[in-house]
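Listed in TrEMBL:
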SIGNAL    1-23  signal peptide
DOMAIN    23-317  domain 'Plant heme peroxidase family profile'
DISULFID  Cys33-Cys112  disulfide bond
SITE      Arg60  site 'Transition state stabilizer'
ACT_SITE  His64  active site, proton acceptor
BINDING   Asp65, Gly70, Asp72, Ser74, Glu86  Ca(2+) 1 binding site
DISULFID  Cys66-Cys71  disulfide bond
DISULFID  Cys118-Cys313  disulfide bond
BINDING   Pro159  substrate binding site
BINDING   His189  heme b binding site
BINDING   Thr190, Asp242, Asp249  Ca(2+) 2 binding site
DISULFID  Cys196-Cys228  disulfide bond
Amino acid sequence: MAVVVALAFVFLVMFPVPSPVRALSSNYYDHTCPHLESIVTSAVKKAMSNDKTVPAALLRMHFHDCFIRGCDASVLLNSKGKNKAEKDGPPNISLHAFYVIDEAKKALETSCPGVVSCADILALAARDAVFLSGGPTWDVPKGRKDGRISLATETRQLPAPTFNISQLQLNFAQRGLTIEDLVALSGGHTLGFSHCSSFQNRIHKFNATVDVDPTMQPSFAAKLRSVCPAHNKAKNAGSPLDSSNLVFDNAYYKLLLQGKSIFSSDQALLTTPKTKALVSKFASSQEAFEKAFVTSMIKMSSLGGGQEIRLDCRVVR
């Protein structure tokens with residue numbers, strides 16, 4: 001989920017909203033591709049050894065895939081001709097580490113050709129990204145199919161970093177996800193980095209009377225302003241999403257309670273009694289956070305809508 005852009009809600013009713021896939025099973029490939037999980041884990045580990053940002057990238061990629069047409073690997077498809085695919089939509093321009101899925105798919109096509117969907121590979125890679133960063137692990141239900149449609153225009157459906165709590169709740173509810181899921185999945189921001197553009201609204205010209213969001217801790221806001229000046233020209237300038245952004249932990253929630261969150265959508269979690277209580281619960285107990293995160297991840301990653309098994313994750317046959 002990490003860095004995303006604004007969405008006009010009118011589009012939510014125009015685009016297909018994913019619903020859960022019924023046929024998923026943890027042992028779906030036990031007989032047809034028994035080495036699936038070790039092959040995917042190996043690809044993720046190899047990539048992580050060369051690039052510490054891979055886990056955050058894979059987790060974010062999975063979120064962005066599932067929130068548009070369900071978890072159907074449509075985010076992996078390349079643009080073709082005049083059709084701009086999801087990966088080239090504004091919120092997805094900064095997605096990276098697609099090669100990790102490609103490498104896993106290549107190995108799987110050697111081991112068990114034509115069997116494993118790209119959507120399942122991405123779901124497993126996201127789980128491994130969390131576990132290999134010090135977070136929990138879980139049995140990933142499998143049996144997703146890959147989609148054939150990928151449209152950049154549909155990335156307007158992604159929840160934006162500028163959203164307030166009402167917008168967030170509606171966006172998640174459209175996908176059958178609850179307030180508990182919203183707060184738990186927001187904890188995915190424990191991994192990753194944001195460019196200045198996604199939180200500029202909080203540190204410059206916040207409203208007509210103040211320049212900086214008054215809910216931000218002053219020295220934290222000053223630090224962000226120094227990294228991201230009003231007319232920032234540095235393409236890669238930005239901030240980690242929490243103080244331990246390579247480790248999957250509950251620091252995100254602790255910092256949120258201290259006024260040190262990055263996005264408006266993070267701060268929004270403190271604006272209702274129910275969401276604030278969940279933030280406090282997860283800040284005080286990593287165990288409670290991990291349990292809720294796993295439950296919500298399984299729920300979100302069960303949204304589906306694909307029809308086939310792609311042989312090349314980036315191309316529809």
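Here the Cβ of each residue, glycine as well, is placed from N, Cα and C on the backbone.
Close to the residue listed as 'heme b binding site', meaning Cα to Cα within 10 A, are the following recorded positions out of Cys33, Arg60, Gly70, Glu86, Asp242, Cys313: Arg60, Asp242. Around the Cβ of Cys33 (disulfide bond), the number of neighbouring Cβ atoms within 10 Å comes to 18. The separation of Pro159 (substrate binding site) from Cys196 (disulfide bond), Cα to Cα, is 17 Å. If you take the CA of Asp65 (Ca(2+) 1 binding site) and look 10 A around it, the recorded positions you hit from Cys71, Thr190, Cys313 are Cys71.
Looking just at the domain 'Plant heme peroxidase family profile' (23-317), the mean pLDDT is 96.
The disulfide-bonded residues examined here are Cys66, Cys112, Cys196; by Cβ neighbour count within 10 Å, the least packed of them is Cys112. Residues Thr190, Asp242, Asp249 make up the record's Ca(2+) 2 site, and a Cβ search at 8 Å around their centroid adds Gly187, His189, Leu191, Leu241, Ser243, Ser244, Asn245, Val247, Phe248, Asn250, Ala251, Tyr252 from the same chain. Cys228 (disulfide bond) is 23 Å away from Arg60 (site 'Transition state stabilizer') when you measure Cα to Cα.
Between the C-alpha atoms of Gly70 (Ca(2+) 1 binding site) and the residue listed as 'substrate binding site', the distance comes to 14 Å.
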